[in-house]
């Protein structure tokens with residue numbers, strides 16, 4: 001099935017009580033790891049680029065083409081959406097033009113009426129090309145490539161108004177944050193999530209900041225209507241830990257490792273890339289999307 005819009009498989013997740021993963025990529029190796037995991041688990045997946053990651057990779061067109069070409073060259077058979085994560089209005093429009101198949105417009109830092117107005121414009125332009133759209137109400141705590149949110153509970157009326165713009169899935173603040181969770185974090189507000197899903201029956205909710213939330217809370221949120229869970233920090237930490245360990249081992253066995261030419265970046269980064277894949281596969285298991293392709 002390969003490259004697709006995310007609308008159908010996210011809605012299928014909502015209708016059938018599981019969630020799909022939205023995994024952020026940063027480069028070629030990251031993308032390969034996510035694709036290998038999705039193919040191994042036969043799970044639909046969104047490969048996401050933040051604005052900063054896309055810039056690092058050479059721009060939206062380069063990032064889009066990298067993902068699409070890897071899907072083809074690796075023989076990937078599961079549904080893959082190429083998704084913009086937390087995009088400003090101008091970035092959303094650019095991604096629509098260069099061939100992303102799913103867009104998140106994040107206007108949660110704007111006044112509500114402006115957020116709704118711009119979201120509707122993005123929906124009109126994206127849907128004209130068969131591209132799915134995610135938008136956000138109630139800022140998610142933490143920082144995501146320059147968008148800083150203090151974290152709040154998404155107002156129910158704002159959520160209903162956003163859905164009326166025609167978006168396909170909704171990111172809503174329910175006590176979640178980006179990045180590592182502090183020790184004094186109080187957990188997801190599942191009562192508020194239930195109120196949201198009761199007000200929006202059958203509509204897919206997106207859980208941002210999925211890294212670090214206890215599995216039982218994620219699964220409880222899925223039962224209440226979360227159909228997409230974003231993961232980034234968790235994979236970054238897994239990659240960093242595995243790469244650091246390899247570097248320490250290299251330092252302790254430098255002559256041996258040099259003889260084996262383990263300074264080759266393809267070998268030097270291999271453990272880190274494997275750690276990303278393992279992390280993605282484990283998240284797919286938790287979300288319940290294995291075998292749902």
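Just so it is clear, glycine is given a Cβ too, placed from its N, Cα and C backbone atoms.
Per Swiss-Prot, these features apply:
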ACT_SITE  85  active site, proton donor
BINDING   50  D-glyceraldehyde 3-phosphate binding site
BINDING   86, 178, 208  Zn(2+) 1 binding site
BINDING   106, 136  Zn(2+) 2 binding site
BINDING   179, 209, 210, 211, 230, 231, 232, 233  dihydroxyacetone phosphate binding site
Out of 50, 106, 209, 232, 233, the binding-site residues in the record, which is closest to residue 85 (active site, proton donor) when you go by Cα distance?
50
Can you count the other CB atoms that lie within 10 A of the CB of residue 50 (D-glyceraldehyde 3-phosphate binding site)?
22
Measuring C-alpha to C-alpha, could you say which of the binding-site residues 50, 106, 136, 230, 232 are within 10 Å of residue 86 (Zn(2+) 1 binding site)?
50, 106, 136
Using C-alpha positions only, work out which of the binding-site residues 50, 106, 136 is nearest to residue 211 (dihydroxyacetone phosphate binding site).
50
Give me the Cα-Cα distance between residue 50 (D-glyceraldehyde 3-phosphate binding site) and residue 136 (Zn(2+) 2 binding site), rounded to a whole Å.
15
When you rank 106, 136, 208 by Cα distance to residue 232 (dihydroxyacetone phosphate binding site), which of the binding-site residues ends up on top as the closest?
208
Quick check: of the binding-site residues listed here (230, 231, 233), which one has the Cα closest to that of residue 106 (Zn(2+) 2 binding site)?
230
Around residue 106 (Zn(2+) 2 binding site), how many other C-beta atoms are within 10 angstroms of its C-beta?
27
Using the alpha carbons only, what distance in Å do you get between residue 231 (dihydroxyacetone phosphate binding site) and residue 136 (Zn(2+) 2 binding site) once rounded?
16
